[in-house]
Each structure stands twice: as structure tokens, then as C-alpha cells.
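Read the structure below first, then the notes.
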Amino acid sequence: MGTTGRTTLSARLYALADRIGARGAFLGTLAVLVVVFYYPVGTVLFAAFSDDGALSLAPLWATLTDPFYFGVLSGVIADPASAPGALVGWVEAGFPAVRTGLFGFTAYLAVLGTACAVLVGLPGAYVLARYEFPGRETIRSLTVVPFVLPAIMVAVGFTTMFGTHGTLNDVLSVVGLRVDVAFSLPLVVAALTFYNAPLVTRFVVAAADTVDVRAVETARTLGAPRWRAFLDVVAPQLFPSFLASVLLVFVFDFMAFPIVLALGGLRLATVEVWIYSLAANLDLGEAAALAVLEAAVTLGVTYLYLRYERRGGSGTAGARVERVPLVGPPSLGRLLAAAYAVVAAVLYVGPLASMVAESLTRAGGFSLANYAFLLAQQLGTGGARPTVAVQNSLLFAVGAVALAVPMGVSIAVVTNRSGRLARVGGALLMAPLAVSGVVTGIGLLQGLVFGVDVLGHHIAVTGPVAIVAAHAVGGYPFVVRNVAPLLARVDDDLVAAARTLGAGPARAFRDVTLPLVAPGVVAGAAFAFAISVGEFNATIVLARDTASYTMPVALERYLSNPSVGPYLGPAAAMGTVLLCVTAVSFVVVERLGGRWEP
Amino acid sequence: MKRRDYLRAAGVAGALGLAGCTGDGGTTESTTATTTTTGSTTAGTTGTASASRTLTVATYPSYVDGSDSPGAWLKERFEAAHDDVTVEWSTPTSGSSNINEYIQRAKQGAAIDADVYVGLNTDELVRVDQELDTQLFATVRDDLTHAADVKEGLNVDPKGRALPYDTGYVTPVVDATTLEVVPETFDDLLQSRYRGDLLAENAQSSDTGKAFLLHTIHQQGADGYLDYWRDLLDNDVRVLDSWDAAYNAYTKGEAPMVVSYSTAKVYAANQGEDLDKYQVAFLNDEGYANPESMAVFSGSERRELATAFVDFLLSEEAQRTVPQLNYQSPATTTGSLSGNFAKYNEEPANPVTFTYDELAGNVTEWVEEWARLVAQH
């Protein structure tokens, strides 16, 4: 009786899901996007196409032809005919350094940052995918933690770790070495790597989890040496996910903003830094023009990526490649893994431990004063209460994941086809990542917080629901990019077989497709969670009172509290709380996610 | 104008409510003529109209955070002096410039639900007037009893809207345990012995950064400051984003000079630190005064009460206490300091600052030219 009832219910649910279908879910996703992203951001970016109210390309043109932004390119854009002459002059002058402008420098920084993220992230992926060792799952879960840390705290950690009088120099001085990287490009690139290398690691590990061991074994049986089997069978299957991570890292690095200013200063200004400054000065027209050009770069790169996303090998299966124990007789791989552990410890454990140490220090000595400050905030009135912030952060993150996963999966399914239109659509749907966060914040303020008049009613949207929606919009692109490469590899015949056996589209999706892309869904969900916990711009705009503050917002408020003076300790204490709470939740989330069998 | 009606979205209830505002669209509070609420006494301990009133004061978060904040003191004392009045602090956005939100609201005709704004820099007042054709703030100086007490040189607004309530003096702070010779002039900073020694802040986003830039313009002139900065940059001055980042790097020993406030020793003394590490170095015997001002929104329906609040903050009672709660110097001649503050706060022999008229039409360009120079260097 009970069984029959359940069957009927699930049958009804499937029927409903079949009726809604991926397209229905996709339309729902679009509706959310229009309200909390495209409309508000559109109202700001429109200024880039308007001159005193009339449609015009003048703002964009002015930006494109400004040497400050585009260097020598601006001259070529303004007067293409001058290009050959200028080129000859440049050659005759003996190839002097070329002025590349703000965009040129930003691209340079992004390329450096991306290269380092790959250099650090890929070996990490190799270790996690190839070797089995105690705590492997936990470490994999923790790789997302750097993502949620506010820039000022990372800056504190990096200064303490890599500064002139930092821990690293203390250690190196024993062997007579020292590094001098304060306020310089290498330090900024290291910080960008700190943030983004885990992205490469996570994406590649998620893809490696779906590699079919039987294909590898077939290759080996046919006489291929191990490296050959890897190159011919495994690598092509990992490549789309790897490329997806490279794309995202590049986009993030290209839009790098607070960490660059905090560690490198204005001399290393990027495009996003400039957008922020222009917006702070309410020069919204020029800010919008810059943001449009910035998005043109990031979306263009996304579009290029999408051309390659579907070119990987096909076939996913449940039979996974066995991992080998990390501890064992020395081999080249194991030695490299050990060397990698040292690098990871310096880059990750060092700065994080420095932040924790900072939270336990006041005026040069050990002190619990910073935690006493948190307690006073908790018991006092008016300020941001730590526990409320923790609770909000977790609630919003759970909500954001619950929204971002269906959004991301439905977009991945609907755009899972080749063709230019699908690629353009796919690129545009990545816009929440590719559009300036500063501009998004202004858009939310003007579009949602100030409100609009609809049919004589003034509608303004603020508070928890708006925050969750905004976080989900920030997080779903990670779900899409994690799932789409795996989805492209799913064998259509398997789905077709399920349909022939009588399963509706929803049922076939749940029973056949979803298990095959599950590692991508879990990885994407973890990123969505992290994005939500670490998000600042949209939260501060939409949280109109202390009751909606999250951990990063509370931390920011403790930064400049006059009652504690010029000490970062209280913020570091909140940063430590943030670190612990997110670390624990990532481990829990992934344990739950790992057990999740669709 | 207080509108906090709740609009329940279908299917959403409880904690996850969708807070919104309902109302007649199109009313532009900031642009309509001011409605003066007469009939309620301001000085009164009694009041014929005894309906409870709420005064909403917008400010930046750190002014009101914590039980020993300036905001907490002001709320308590002002409420005690006025029956049935509640002071509600509003801290719309974080960051250095909350005023932008109100400028944007006024531009778009969105509701301004505050009566008083506290925490206005002079250049922000310039920006307000530059961006808006209408008056965001009302002229109130003539209605105040304590306006005449404001220190000479701090009266920044010729139109009598913004009244300074405290001031900081921005200047380099020097670690005298590391540097053998403390710089005394702007030219000293260009010496090779100070190469890479000074941490400054971004004038686009930081109050201290902007004050220091303005000081160099005051000193070198609008025609000469860029050359001076070119030399400074050649001498490897660092321009970090925020005072927090710069001061943290300074305390970590990354550089022996940082652009900060002349209250540096007060903090150090409170924490029992070595005072030599926080030596205030007034260049050319000057310090750039960065007064913080307050103003009454012209759309306020409680103009008298708002004016009374402004007057109260200028009173001797408030000036003796509030500025130092905010780690600043008093803005009036009646104010005074106590404790470590009286002992260790330093003020320059010659305070300098730009007035509203001097900044108007110039400051935007000054800052932008400077920022472009730094970013290209």
C-alpha cells in the first residue's frame, strides 16, 4: 500500500518535472537573472551607450581612444591609417617598450596570475586525484576555503608571511637568504594564486573522478605505456574542465580588485580598480564604459573557451581509476608530491596561520583582547553581532546553493549543444562573473534598493531573499562550468536507452545523466557555497540593517572601529571565526555531497 | 520621511521576508519644498505635541558601532534632553563615502529617509553640489546658537549648510626607532635616505590619502603638485588602497613612515606601546585639517529637531566628549580633551585646509590627474 502510494507520488512528480522540463527550469532561471542581475546592471551599463540621453557610442569611443586605458592601441583605434607608419617608426627606434595602458597591464597581470594558478593548481590536482592518503577528502574540501577570505585579511596574512620582516624571511635568514617582495608585482601575483589555484585543482579533480578506468585499461592492454595512456585517454577527458578553470581564473584575475590595491597599491591599478574609483566619484558614465569594455574582454574569452568545451573525449562511467597510496616506496611522483606539500604549506598555511596569530596579538604581545572585543560586540547593542553574522552567512549560503544548483544545471543542460548561437548564449549567461562587481553593486542599489514604480506601487527589494538571490546569481556560473564539460561527455545513447525503456525525460535525467555529472554538481555547489559566504559587494548593498549582516560584512565593520584604535586584531579574530566556520562547513557539505547518490 | 511598510511576497514569509517599500511613486522628497514642522519645541523638556518623534541620522558605521562610540553617547544624551524623541542611526552602506547613496537617491527621486547626515568631508559637499541641481541640505547655520564657536579655519561651507563637528590632522607618522633623522619638510621626503620609506593611501578611496594629496597641492600649488608627486614616486612612495592596509604594513615594519593622523600616540599610549615608534612628523610645521561635518537634509520633516541635534553636537558638553570618542580633535573653541588624549594628541603649529570654494571645480580634476600619474608610474 505504502509502496504504491510512494510510486504514485514519485510518478506524479516525474510527470510534473517532465512537463516543466529543462526549458521550464531554464526560464525560471532567466527570470531570477533578469530581476537581480540583467535589469539592475543594465540600468548602469546603459550609461555607456548614452550621451545626454541620446543613444551614442561616444563614451565607449572616448575610452577606447584614451591612451591611459589602451596605450598605443588607442592611437591605432583612433586613426587606423597611422598604424603602418607608427609600426615602422617603432621598428626603426629599435623596439622600445610599448605603452600598453590600463587594459594592457591588467591583461598582463591576469596572464601572470593564471599561469601561476595553473603551476600551483595542477600538481595539487594530480596529488589529490592520483594518491590515496588519510585526510585526502578533508584537504580536498578545504581547498575552497581561500575563496571566502576577505582581501584585507589575506593582505594581513601575506604581509606577515612574506613581508620584509615576515616569517618566510625569518626562516630563510637561517640559510642566509631573503626575499624582498613587499608592495611589488610578485606579491600580488602570489596573492592571486592563493585565491585561484584551488579553482584549477577542484575543477580538474572533479573531472578526474569521472574518468573511465576501463578506457585506460584498454589502452594499457594494447601496449601503451602509462604516460601514453594518460596523454591519449585521460588528458583529453580532463582538458575541457581544466580549460574551464583556466578561463575562470583568467576572468577573476582580469577583474582583480581589492587584493591588488591592498598589497600592491595604486601603481599596480587594474581596470576594476579604476571602475571603483570612477564610481566612488560618481562618474558613472565613464565607469560604465570601462565596465562594458572589461566585460567585452571577459565574455570574449568565455566565448572562445566555449568553442573548445565540447571537444574533449567522450564517455563517463562509474568505474573510477584506483588511487595509489601516497605513503610508499619513494618514486618520482611521491617526491614531487612531498615538494608540492612544502609549496602549499608556504603559500596557504603560512598566511592563514599568520592571520590567526594576528587575532591573538595586541600591541606586539599575546592577547585575547580581540576575542573579548567580539564578545563585547555580541553582548552589546548597535553593532554587528558575530553569531548573527555566522548564522546569516550559513543560512544565505544554504539558500544560495539550493537556488544556484538548479539554475546552473538547467543552464548547462539547455546550452549543451554546439553552434554559434548556443555559444553566444552560453557566454552571455556567464555575465554575472564577467561583469564588474562594482557596477553590479551600483545596479542593485539603484535598481532594487531604490526601487521602481510599477502600476502606481513603489517596489523596492532588500533583505535576506534578495541577498540569497544575488548570491545564487554569483554562484551558478561555477555550477555551469563544472557540469557542462562533464555533460558534454555523457553518451547520448545511454539516455536514449533509458527513454526506450519507458523513462520520461526527467526520470532519465535523474537516473542516467545526473549520476554521471554528479562530481561536477558537487564541486559547483561547493563553489556556490563559497561564493555566497565570501560575497561582500551585493550583501552590503542589500543588507540594510545589522540583522542581515554576514561574516565578511561584520569583519569589515570591525576594521575601522574607533574604540579599538588602529588595530586589525578584531577583524582578524572575525576572520579566524570565518575561517573556522567555513572550513567546518565545507567538510560537512562535501561529506553530505559525497554520500549523495542521485 | 519614514516608509517601512512591509510588502509580503507571495509564498514568502517569516524570517525570509522580502522587505520593501510601498508608496505613491514619483514623490521626490529631496526636491520638493521643505516642510517645516512647527509646533514642536526644540529646547523643551515639555511639549504640547507630545507624539513621539524619531530623528533619523545617517552616518558611517564606525561612528555608531559599540557602546562607547560617539553615536551611542549622542543618542543617549540627546534623547535624555528631549522628551519623546528617539534617535535612530542609519548606516546605509559601508565604505568611505556614504553620501554617494544620498546623491544617487536624490538624482533618481528615491526616498531619503534621514533627517541629518553626519560625516561629510568638504570635498564630498563639493560633489553633492556638483552632481545635484537641487539642494540636498538645508541652510541651518543662522538657526544655531553654537555656530560662532566653530574654530577659525574650520568653517568649510560658505552657504551655512555643513557644520564641522570634529577634525583630524593628517600627517606622516614616523617610526623614530628605525629612522635616524625624522623628515621635517615636504622636500625632505624626496631625499634618497627616505627612498621607499613612505606609505601613503589612495586619494580616490581613503580620507587620509585625499587629505595628504590636498596638503601637497596646498604646499606645492595646483601647477606644481604633480611634479612633486613624480619625484615622490621616483623615491618609491607606496600608495596603498586604505588606511587599514597602510597602517597594518607600517606596524609590521614594512616601512618606517605612514600617512596617518596626529592622534597616533594616543592609541600607542592606550596600548602601552613604545611612543617613539609613533612620532608625528608635521611637515613644514603644518598638518592638513580634515574636518568632518554634519548637515540637515532639506527634505526633513523634522527640521527643528534636526537643527537642535546639530546644535547639540556643537555644544560645549558634546565637544568635550564626542570628538575624542571618535579619536578626533574638537571643532569648536569650547571643546577640550582629557586623559591620554589631552596628554598625547598633537596639533600642528599651522593647520591648513582647503575651503569649499577652493575645492569646488578643482578637486575632481586634481585627484584624477594624480591617480593617472600614480597608475602610470
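Glycine is treated like the rest: Cβ placed from N, Cα and C.
Those TrEMBL annotations? Automatic predictions, nothing curated.
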Among ranges A:248-269, A:512-533, whichever one TrEMBL labels transmembrane segment: A:512-533
Does the transmembrane segment (A:455-479) come near the transmembrane segment (A:105-129), with 3+ Cβ pairs under 8 Å (pairs 6 or more apart)? no
Do the transmembrane segment (A:512-533) and the transmembrane segment (A:335-356) come close, with at least three CB pairs under 8 A (pairs 6 or more apart in sequence)? no
Six or more residues beyond either end and a Cβ under 8 Å away: which residues meet both conditions relative to the transmembrane segment (A:183-208)? 109, 112-114, 116-118, 120-122, 124-125, 128-129, 140, 143-147, 154-155, 158, 162, 234, 237-238, 240-242, 244-246, 248-249, 252-253, 256, 259-260, 263-265, 268, 321, 347-348, 351, 481-482, 485-486, 519-520, 522-523, 526-527
Range from A:20-41, A:141-163, A:287-306 with most C-beta pairs under 8 A to the transmembrane segment (A:335-356): A:141-163
Distant-in-sequence neighbours of the transmembrane segment (A:20-41), which means Cβ under 8 A and at least six residues beyond its ends: 403, 406-407, 409-411, 413-414, 429, 431-432, 435, 439-440, 443-444, 446-448, 461, 466, 469-470, 472-473, 476, 505-506, 509
